[in-house]
């Protein structure tokens, strides 16, 4: 195992914004990245881009100064999930996630896999209920709880297992901060600046609303990546968040 410092060569940002990179083309992705400043956001790399371009793509983003949220949502037997999380830590990412529905043994194994990395370990976050899911989707899976209640149950299990926080909808953030405390990190997709298209997300909020609700890190995709001036869009979002703080 090679222990890799997670931030020694990268810029430090206080922004809660994490930009979701969703590109089919590597050159287009890098052209976008070269327009923005790592002091203004972190970047999220998901399944499609990681499968297409591999760990080297993550390394290239890190070399440009960006902290990386590796959004692969590991969900497997405990041993396999633990090795995958350790591999992400070896890569030096800032954050990695697993599915809370993988259960307590899987999450505990993932957490234990990061112990050797010490202070250089990435944040370990669990996914509760995907923001695209509604009550009818859960019912199809035999879950009779509402998305909010089911997410809270999974978040409680996540905290019990010692993880750093959860991915949840912004609507759940107020309740989660009350129940799980300020140190339990909340990462929220489905964030759209005022006037943006909701896209394929069902439960959305503006950045200002998310900050007020207690969200620690907010994932924003197309409103930034499809902007004619993404650098200015990021600066405007961050300025608005600072005014709202």
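The backbone N, Cα and C atoms fix where each Cβ goes, and this holds for glycine too.
Here's what Swiss-Prot has on this protein:
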{"type": "BINDING", "residues": "22, 44, 71-80, 131, 192, 201, 221-222", "note": "substrate binding site"}
{"type": "ACT_SITE", "residues": "73", "note": "active site, proton donor"}
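Everything Swiss-Prot records as a feature, shown here on the structure.
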residue: 22; record: substrate binding site; DSSP (3 states): coil
residue: 72; record: substrate binding site; DSSP (3 states): strand
residue: 78; record: substrate binding site; DSSP (3 states): helix
residue: 131; record: substrate binding site; DSSP (3 states): coil
residue: 221; record: substrate binding site; DSSP (3 states): coil
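Once Cβ contacts within 10 Å are tallied over all protein chains shown, the binding-site residues 78, 221 are led by 221. Sequence-distant neighbours of residue 22 (substrate binding site) (same chain, 6+ apart, CB under 8 A from its CB) are 46, 48, 49, 221, 222, 225. In this structure, the CA atom of the residue listed as 'active site, proton donor' is 14 Å away from the CA atom of residue 131 (substrate binding site). Sequence-distant contacts of residue 72 (substrate binding site), defined as residues of its own chain at least six apart whose C-beta falls under 8 angstroms from its C-beta, comprise 46, 47, 50, 84, 88, 96, 97. Using a 10 Å radius centred on the Cβ of residue 131 (substrate binding site) and all shown protein chains, the other Cβ atoms total 25.
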